[in-house]
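Q: For reference, the structure I am asking about is given below.
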Amino acid sequence: MLSLSSYVLNLVGSILCLIGCLFIIGHFFWIPLLRTSLSRIIIYPTFILLLYDMVSFPSFISKTADLYIERSTIICNFQEAIIQYLILSNFIWSVCISVNLLYLCFSPNKNLKKNELLYHLCSWGIPLIVVVITKIPNMISDNGNQCRFKSPNYIKFYLETILFIAFMLFNFIVAFITIKHIISGNLRESETTTTSVLFVNEKKITTKKIVWRLLLYPSILSICYIMTLVLSIYQFSTESYGSGGAYANSINNKRNDKNTESGNSNNNNNSYIEILLYISKAIFLLQGFFNALVYLRSSKLRDRYKKITIFRKIFWRDEADYQSINDGFN
C-alpha cells in the first residue's frame with residue numbers, strides 16, 4: 001500500500017504537469033512571435049510530456065498501485081511501450097536543444113531552422129527503433145500476467161540506461177559550455193547582418209535571454225529524471241525486481257511470501273521502493289511545471305500581457321502609472 005503522501009505528491013505532480021504543458025501550448029499558438037523564436041523548439045517536448053502525463057495518469061484509478069494499467073496484458077504492454085517511447089523522445093528533443101546551443105556558441109552563421117527536419121527524424125525515429133528492439137525479449141518471456149515477465153529484460157535496461165546517462169551528461173556539458181560563452185559574450189547575435197550598432201546590441205541582449213532559457217530546458221529534464229534513473233538501476237540490480245514492469249515482481253513476492261518472516265522483510269523493502277518510485281515519477285512530471293516557469297520569462301509573452309490593461313495594472317504597475325502620466329501631459 002502506497003503512503004498517502006506519495007500518492008498525493010504523484011497526483012499533484014501530474015496536475016502541475018498538465019497545467020504547465022497547457023500553458024506553454026496555449027501561449028505558443030496565441031502569440032505568433034513565439035512560433036518564430038529560437039525557443040520554439042520547446043513545443044515538441046511539451047506535447048510529448050503532456051501525452052506522457054495523460055497516458056500514465058490511469059495508474060491512479062488502478063485497483064493495485066502500479067505504473068501501468070493491470071486490466072489486461074495487451075493494454076498494459078501497449079501503455080508501457082508508449083511511456084518508454086515518450087521518455088526517449090523527450091530526451092532526444094532535449095539533446096536537439098543542446099545541439100542548437102552549441103551552434104549558437106560555435107557557428108554564428110548557421111541557420112538553425114534547417115536542422116529541424118533532422119531533429120524530427122531523430123526524435124521520433126530513434127525511440128521507435130529502441131522500443132521495438134527492447135520489446136522483443138518481453139514478447140518471448142511474457143508469462144501472460146499483466147506486464148509480469150519471467151526474466152529481466154537486460155537489453156532494455158542496459159540500452160536505456162546507457163542512453164539516458166549519455167543524454168544527461170551531454171546536456172550538462174553543453175549547459176556548462178553555453179554558460180561560459182554567455183559570460184564571455186561569444187554568442188550569435190542574429191541570422192542577418194546589420195550596420196546598426198544599437199540593433200546589434202539589442203540582438204545580443206535578446207539572444208542571451210533566449211539562450212539562458214533554452215539551456216534550462218534540458219537541464220530541468222535531466223535533473224527531474226535523476227531519481228528515476230537511480231531507482232531503476234537499484235531496482236534492476238536486486239533479485240526481487242525485474243525490468244518487465246516497475247513493480248512487477250514486488251507484488252508477486254508479496255503474494256507468495258505473505259505469511260513468512262522473509263516475506264515480511266521483502267514486503268517492507270518493496271513498499272519502500274514503491275513509494276520512492278511514485279515520488280520519482282512525480283518529480284519527473286514536475287518538469288512540465290518548471291518548463292512553464294521558464295517559458296513565462298519570455299519577453300514576447302510578457303509584452304503581449306502588457307498590452308492587456310488589467311495585467312499591466314497588476315504586474316507592471318509602475319509602467320502603467322508612467323503611461324498614465326504621459327497621457328495626462330498629452
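Cβ coordinates come from backbone N, Cα and C, glycine included.
Grabbed the feature section from Swiss-Prot, which reads as follows:
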- 1-10: topological domain 'Extracellular' (TOPO_DOM)
- 11-31: transmembrane segment (TRANSMEM)
- 32-40: topological domain 'Cytoplasmic' (TOPO_DOM)
- 41-61: transmembrane segment (TRANSMEM)
- 62-85: topological domain 'Extracellular' (TOPO_DOM)
- 86-106: transmembrane segment (TRANSMEM)
- 107-116: topological domain 'Cytoplasmic' (TOPO_DOM)
- 117-137: transmembrane segment (TRANSMEM)
- 138-156: topological domain 'Extracellular' (TOPO_DOM)
- 157-177: transmembrane segment (TRANSMEM)
- 178-213: topological domain 'Cytoplasmic' (TOPO_DOM)
- 214-234: transmembrane segment (TRANSMEM)
- 235-274: topological domain 'Extracellular' (TOPO_DOM)
- Asn269: N-linked glycosylation site (CARBOHYD)
- 275-295: transmembrane segment (TRANSMEM)
- 296-330: topological domain 'Cytoplasmic' (TOPO_DOM)
Q: I'd like to know if the transmembrane segment (157-177) touches the transmembrane segment (86-106) in this structure, counting it as a touch only when three or more C-beta pairs sit under 8 Å and are separated by 6 or more positions.
A: yes
Q: Using Cβ distances below 8 Å and needing 3 or more such pairs, separated by at least 6 in sequence, tell me whether the transmembrane segment (275-295) contacts the transmembrane segment (41-61).
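A: Stretch pair touches.
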Q: For the topological domain 'Cytoplasmic' (32-40), what are the same-chain contacts with Cβ under 8 Å, counting residues 6+ beyond its ends?
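A: Apart from its flanks, the topological domain 'Cytoplasmic' (32-40) reaches 100, 104, 112, 207, 210-211, 213-214, 295, 298, 300-301.
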Q: Would you report the average pLDDT that the model assigns to the topological domain 'Cytoplasmic' (32-40)?
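A: Over the topological domain 'Cytoplasmic' (32-40), the predicted model scores a mean pLDDT of 85.
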